[in-house]
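The region 'Pyrophosphorylase' feature in Swiss-Prot is assigned to 1-226; the stated evidence is sequence analysis. Annotation comment: Swiss-Prot describes 8-11, Lys22, Gln73, 78-79, 100-102, Gly137, Glu151, Asn166, Asn224, Arg330, Lys348, Tyr363, Asn374 as UDP-N-acetyl-alpha-D-glucosamine binding site. The Mg(2+) binding site annotation in Swiss-Prot covers Asp102, Asn224. What Swiss-Prot lists as region 'Linker' is 227-247. Residues or ranges marked as region 'N-acetyltransferase' in Swiss-Prot (evidence: sequence analysis): 248-455. Per Swiss-Prot, the feature active site, proton acceptor maps to His360; the stated evidence is sequence analysis. Taken from Swiss-Prot, the feature acetyl-CoA binding site applies to Ala377, Asn383, Tyr384, Ser402, Ala420, Arg437, supported by sequence analysis.
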Amino acid sequence: MALNVVILAAGKGTRMRSELPKVLHPIAHKSMVQHVIDTAHSVGSDAIQLVYGYGAEKLQSVLGEQQLNWVLQAEQLGTGHAVAQANDNIGDDDTVLILYGDVPLIQASTLEALLAAREDNGLAILTVNLANPMGYGRIVREANKVVGIVEQKDASAEQLAINEINTGIMAAPGKQLKAWLGQLSSDNAQGEYYLTDIVAMAHKDGVEITTAQPESAIEVEGANNRVQLAQLERAYQARAAEKLMLEGANLRDPARLDIRGDVTVGMDVMIDINVIIQGKVTIGNNVTIGAGAILIDCEIGDNAEIKPYSIVENAKLGVEASAGPFARLRPGAELKRDAHIGNFVEMKKAVLGEGSKAGHLAYIGDAQIGCGVNIGAGTITCNYDGANKHLTVIEDNVFVGSDTQLVAPVTIGKGATLGAGSTITSNVAEGELVITRVKQRHLTGWARPVKKPKS
């Protein structure tokens, strides 16, 4: 029996006031519908039907490379009509799980509980109890058994008092679902084909109807405008921050941390305020991350420190390495054990060896730097000739004086010393001292120019 997931994603989202389809608006740097797709995969979906309509080109440009069956809903005539568009892709023996592209916080554990609650060939619906159920379809029960769902606009006064509401998420048997969808009518206040009407049909057919509920109501909330989108973002971030704290991270203020990807943390990690963590990030034990730092797709070793306002992107910090404040590690940069870069140092496609240091104001690109090297302030690896990039190699225990330019390709041998202000254009042998400064001149009797008076 295959698990066939149908995701409804055809709506425009007029209240978003955006040309972007509603389901492509992001939560934690990932579209709402992508969150739903990922959750569908995590519960073991065998196939995913994406019902689309508005903004087809934008949807396909964002999601097109994934294993999805694209199902067009040319007219938006209700949720029942939307699901019916996928009928040709639903097998009689399938379990059909219906999800929504604008409900991004639904948890895999909740869906697993829903699927587990479904009896053989039965219908399972996800419900939630709300103190204020205004606007939602109500779950109608008789003798505690579900017999139907009535929408807000069609509900009687007695039914409006019900606080158990329909989330729209359900699991149904494929054969019966297709039959029920074929019987839907638009004879209602909205003039639409309600998916919820299949519940009464299931009851009439004697099908067992069971329910499950999410751990939190926020899981089943959608976003129809940007205020609701922001509320979902905050809920996502609160949940992500809680997960980090349970895994061993100390958060200076959980409300001032943005997590936009998959983060793994070790024990006794300290994260200060206004940090952004994006993509796949691995953080070791006893790591300190300063205020305002940005970490993107990077690996941080044990006992490392990222000082305030540093950016680490597609880069690695080894054990006890440190960066910042105001340092930038660009893609391909790596600090080996106990290496350090300080304020306003930028690295790209470069390795700084064990115990080596670049304290401040340097650019290190396309470079291999050995152990115990000192890079003085203002040092630049001149790696680009206008057409191609070239490599700078600095071997162990080299001292590079301040304001030195290394014109690649060039190799500096072990233990060499480069005098401050030098421009190095050829290889330097092991142990050599190289100075390329112009000889200093002393001009006595020289008078500084005097400014002309303003007219």
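Placed from the backbone N, Cα and C atoms, the Cβ positions cover glycine too.
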Nearest to Arg330 (UDP-N-acetyl-alpha-D-glucosamine binding site) in three-dimensional space, by Cα, is which of the binding-site residues Asn224, Ala377, Asn383, Ser402, Ala420?
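Result: the closest of the binding-site residues to Arg330 (UDP-N-acetyl-alpha-D-glucosamine binding site) is Asn383.
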At 10 angstroms around each C-beta, which of the recorded positions Arg330, His360, Arg437 has the fewest other C-beta atoms nearby?
Arg437
Is it possible to get the count of other C-beta atoms within 10 angstroms of the C-beta of Asn383 (acetyl-CoA binding site)?
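Counting Cβ neighbours of Asn383 (acetyl-CoA binding site) within 10 Å gives 23.
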Residues of the same chain, at least six outside the region 'Linker' (227-247), with any C-beta under 8 angstroms of its C-beta?
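Apart from its flanks, the region 'Linker' (227-247) reaches 16, 25, 27-28, 32, 104-105, 218, 221, 254-255, 257-259, 263-265, 269, 271.
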Taking Ala377, Asn383, Tyr384, Ser402, Ala420, Arg437 as the record's acetyl-CoA-binding set, what's the max Cα pairwise distance in Å, rounded to a whole number?
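This binding site's residues have a maximal Cα-Cα distance of 22 Å.
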Write down the Cα-Cα distance for Asn374 (UDP-N-acetyl-alpha-D-glucosamine binding site) and Ala420 (acetyl-CoA binding site), rounded and given in Å.
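On Cα coordinates alone, these residues lie 12 Å apart.
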Would you pick out, from the binding-site residues Gly101, Asp102, Asn224, Ala420, the residue whose Cβ has the largest number of other Cβ atoms within 10 Å?
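Selected residue: Gly101.
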Helix, strand or coil by DSSP: which one applies to Leu8 (UDP-N-acetyl-alpha-D-glucosamine binding site)?
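Going by the DSSP assignment, Leu8 (UDP-N-acetyl-alpha-D-glucosamine binding site) falls within a strand, counted as strand.
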Given the binding-site residues Gly11, Gly78, Gly101, Asp102, Tyr384, find the one whose Cα is closest in space to the Cα of His360 (active site, proton acceptor).
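Result: the closest of the binding-site residues to His360 (active site, proton acceptor) is Tyr384.
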Are there any residues at least 6 positions away along the chain from Tyr384 (acetyl-CoA binding site) with a Cβ closer than 8 Å to its Cβ? List them or say none.
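Once residues fewer than 6 apart are set aside, Tyr384 (acetyl-CoA binding site) is near Gly365, His390.
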Give me the count of other Cβ atoms within 10 A of the Cβ belonging to Asn374 (UDP-N-acetyl-alpha-D-glucosamine binding site).
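There are 16 of them.
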Distance between Asn374 (UDP-N-acetyl-alpha-D-glucosamine binding site) and Ser402 (acetyl-CoA binding site) at the Cα atoms, whole Å?
10
